[in-house]
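Q: Below is one structure. I have some questions about it.
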Amino acid sequence: MKGSGVGVGAEEARDDGYDVFISYSQNLDRDVAAVFQRGMENFGRPWYRPVRLRVFRDTTHLSAGPDLQGGIEKALSCSAWLIVMASPQAAASPWVRAEIDWWVAHKDSRRILLAWTDGDLEWDPAAQDFDWSRTDALPREQMEKVLAAAPGCPRWVDLRWLRAQIDERGSVPVNDPRLVADVAEFAAPVQGRSKSDLIGHHLRLRKRRNRTAGATILVLALLLTTATWFGLAADRQADIAATRQLSATSRQLVAEAATIQHSQPGLARQLLVEAYRLSHTEQAVGALLTSADIPRVVPARHSSGALAFVSRSLLVASSGDGLALFDVRTGALVSELPPRGSRPLAVAVSSDGRLLAEGGNTGEVRIWDLSDRRKPRRLSSVWTLSTVRDLAFDESASVLVVGSGTRVAAVDVRDPARPRVTGVSSGVTVSLGSGTAISGDGTLIATGAADDKVRVLRVSGSGELSTLTTIDAPSAAVSFSPSGHLLATAGEDRTVRLWDMARPRRPEPRTALHSPSESVRSVAFSADGRTLATGDTEGSVHLWDVSDPFRPRQGETLDGHTFVVNSLAFSPDGRTLASAAWDTVSEELSDNTVRLWNVHGARRSSAHVFLPGDGLSPQPFAPTGGVVVTGRPGAIWKVDGVPEPRRLATLPSFRSGGQDYSFSPDGRTLAAGHPLSLWDVSTPERRREHARFREVEDPQTVVFGLDGRLLAAREPLGAVRLWDVTDPDRPRSTAELPAAKPDALIDYKGSSSFVFAGDRALIASVRDRKAVQLWDVGRPDRPVRRGTVPVGPWRTGSLATTADGGTLFVGDARGGMTAWDITDARRPKRLGASQRHSGAITRLAADPVGNMLAGVDENSGSVRLWDVADPSVPREIALLAGTGTRPSGLAFSPDGGLLAVSSDDGTQLWRTDVGPILQQLCAQSAPITEAQWKEYLPDRPYDPPCA
């Protein structure tokens with residue numbers, strides 16, 4: 001079924017009217033319309049009930065009369081939906097045309113559905129219109145009116161098979177599986193329900209009918225009843241077998257997607273969507289949650305490989321003979337810079353994203369103003385060298401360095417409308433390497449040469465160039481770290497060298513990074529200088545952690561390109577890496593392709609959002625889920641419904657390590673753990689302190705009860721103190737729960753050592769190595785211990801409960817997660833366990849609306865996700881990699897749509913609602929072709945998931 005349509009329930013139709021009006025050609029589609037009408041009217045209807053969907057068809061509902069047109073219009077006026085049976089005969093029918101015209105003039109054009117019965121029908125995604133050169137099944141004039149009123153691809157279903165079967169057999173039964181599936185495609189938007197729900201309901205009615213028939217036959221005869229029982233059993237076995245087959249196919253598609261996600265990322269995305277559509281297996285869900293680490297391909301045409309980031313969400317890359325600006329998130333084209341006559345070979349963007357410089361074989365450098373990203377404005381041009389192969393701005397956008405391959409020029413761009421060349425280096429007898437770099441302060445330039453030497457030049461205050469030193473090192477590529485203290489050089493000897501540039505006249509070698517490829521052709525530092533990316537001649541990109549230049553650590557390898565990676569660039573926030581390489585596009589064609597990779601440090605990441613702050617409490621989200629608070633530094637962020645995270649407010653910090661901030665259930669109050677205080681954040685921009693009611697030496701973990709009137713706070717290894725915060729200006733201490741013994745906990749911060757049990761007035765609190773105590777706090781001034789969960793002998797790392805408070809999850813020092821039934825707090829019962837972590841589970845968080853549980857592994861820093869719909873058998877869904885160094889905070893949003901993980905280097909948010917993920921995967925990939933479908937799903941009819 002094509003298009004997205006608009007789901008409007010049948011209950012919106014008039015009680016005395018019709019849910020559906022069928023417009024068709026009587027000469028061609030009389031029999032098809034009759035079978036389709038029966039299928040619609042009998043879909044999801046028990047035999048003993050009247051028709052649920054009223055379907056108008058002229059031959060069954062119109063009587064003889066003098067005003068046929070009036071009768072048709074009256075039926076149209078009291079119908080909720082119009083279904084047009086598309087065929088060349090229908091397209092030529094004046095009645096069909098008139099009915100569509102009437103509908104567009106008087107009804108909602110989004111309520112038109114198409115049933116394709118004959119002829120040709122072709123949609124052009126680029127033009128957002130039918131390809132009328134190849135479409136003859138629809139009247140063009142009428143459909144152009146429909147699309148003008150309701151833009152976008154309309155819904156249609158291919159019913160050509162139905163015509164073929166009617167022609168061959170004379171009829172099709174209403175319970176034919178293909179007819180049921182296609183009728184469900186139409187019934188879903190009409191009834192405002194999903195197709196899977198409708199088919200499930202239809203199958204349930206079918207089973208109910210069979211059971212009723214069996215009971216009736218039992219009364220008549222024992223033998224007939226036995227035969228009927230075997231028939232029903234066969235149906236059930238068939239349903240089970242079909243479900244198992246769909247699950248197996250879904251798992252197979254997930255595995256196939258994993259093998260091609262680097263070489264064919266678009267097809268891998270399509271396979272994942274289809275896998276989930278077939279069956280919601282744990283493998284399919286897990287693959288969707290981690291799908292953001294699949295690289296994205298930028299649609300740059302015949303790129304030279306020149307690229308640079310304008311901002312963290314905007315990339316400029318050569319495309320054809322010009323430059324194009326692309327939205328990093330969607331891959332959509334934002335604007336284009338007109339061609340210059342020759343293909344741009346180099347591009348650079350100033351650090352503030354305002355200026356762009358580009359150059360090529362002519363030696364002319366053009367400078368553009370990017371203040372309006374959709375309409376870049378050319379400011380000036382300057383003739384520099386015979387050709388331009390490299391460009392780079394200094395940090396202040398005062399100096400632009402130009403490399404030609406034999407010489408280097410410095411251009412003063414403090415007035416970008418009047419650039420001037422201030423210095424040109426002397427030529428060399430060998431061609432320079434592909435890299436020319438300038439330090440952030442604009443005082444040093446490094447450029448490579450084919451004689452295995454790197455020349456370091458100084459830029460004087462007046463812009464003149466002078467040679468400081470020459471480094472003996474292969475130099476196909478060079479790059480300065482943002483601070484200018486490190487210089488990376490690379491070349492043909494499999495080695496990337498790091499040089500300390502504190503004394504530019506005497507650079508000191510720090511360490512060497514060894515590449516598995518024979519030659520490294522591109523290098524780039526991240527904005528914080530902690531990560532280095534290198535691209536080699538075999539199409540691989542290697543990530544390195546160089547936060548300690550003396551002991552760099554190799555990170556992940558990004559595969560997917562097929563040949564030389566000639567350009568690399570990090571986004572300003574370091575979360576996206578762009579790579580350009582000369583790839584094999586097909587057997588006959590090779591071209592530069594540009595890929596975008598989600599990264600976090602030296603690892604790939606599948607996170608959706610990154611925040612430059614950590615220190616998550618157990619309750620960091622506001623009730624809507626779109627606002628989150630971090631404790632180091634203290635800040636409130638809006639993360640949903642905005643292109644990029646936006647800081648709403650800055651909160652005070654009273655210690656370098658930050659403190660816990662937790663939202664109350666209504667989102668109007670924040671509790672701070674150091675000092676213990678309450679803040680009014682109903683308007684985050686104008687926050688005010690309610691009360692500061694206890695000074696403490698160590699930070700406290702603070703957690704609100706479900707109704708927001710009770711606050712629990714615990715210091716490391718201290719007691720859990722309860723506070724009545726009904727009046728936030730006058731909080732009142734009510735009681736204390738016993739402190740945990742020193743050897744009971746893994747994490748002495750105590751942030752996971754106690755938890756409110758969902759919506760119950762019950763607190764689970766770690767007491768010692770062998771016990772988690774359950775406290776009834778229905779009367780906060782007199783808490784009562786109701787029971788004890790025997791969790792020993794391993795130390796407890798974390799606690800979490802389901803939203804109803806009936807199940808307690810305990811993570812321990814051995815890496816085990818155990819589920820307990822605490823519905824009766826006096827008699828806890830062990831349900832099940834999982835031993836998947838290699839290290840202690842220091843954090844646990846349960847999805848408040850779903851069946852997902854997340855846990856942090858202390859050893860690897862990874863986050864594991866389980867499906868705990870059946871707590872007795874926890875099933876692993878996914879392992880989130882790239883979560884950062886030493887994750888210390890973990891929480892689901894109240895709506896279950898986001899999972900936040902904080903670590904030493906920031907906070908990342910993952911989408912856990914598959915709906916938006918599916919939409920994004922479809923938006924980032926072209927529909928699967930029929931040939932590809934036959935390769936991966938040869939036994940299923942072609943039905944692209946994103947069409």
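Heads up, the Cβ atoms here are built off N, Cα and C, so glycines get one too.
For 17-166, the entry in TrEMBL reads domain 'TIR'. As annotated by TrEMBL, transmembrane segment applies to 213-232. Annotation source TrEMBL lists repeat 'WD' at 346-378, 468-501, 513-547, 558-583.
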Q: Which residues, given as numbers and ranges, are at least 6 beyond the ends of the repeat 'WD' (468-501) yet have a Cβ under 8 Å from it?
A: 395, 433-441, 443-444, 446-449, 452-458, 507-525, 527-529, 532, 534, 544, 546, 549, 552
Q: For the repeat 'WD' (346-378), give me same-chain residues lying six or more residues beyond its boundaries with a C-beta closer than 8 angstroms to one of its C-beta atoms, as numbers and ranges.
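A: Same-chain contacts beyond the ends: 306-311, 314, 316-318, 323, 325, 334-335, 337, 340, 384-393, 395-397, 400, 402-404, 411, 413, 416, 419, 572.
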Q: For the repeat 'WD' (513-547), what does DSSP give as the number of helix, strand and coil residues?
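A: Within the repeat 'WD' (513-547) the tally stands at 0 helix, 19 strand, 16 coil.
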Q: DSSP on the domain 'TIR' (17-166): how many residues come out helix, how many strand, how many coil?
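A: Across the domain 'TIR' (17-166), the residues distribute as 69 helix, 28 strand, 53 coil.
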Q: When the repeat 'WD' (558-583) is classified with DSSP, how many of its residues are helical, how many are strand and how many are coil?
A: 0 helix, 15 strand, 11 coil
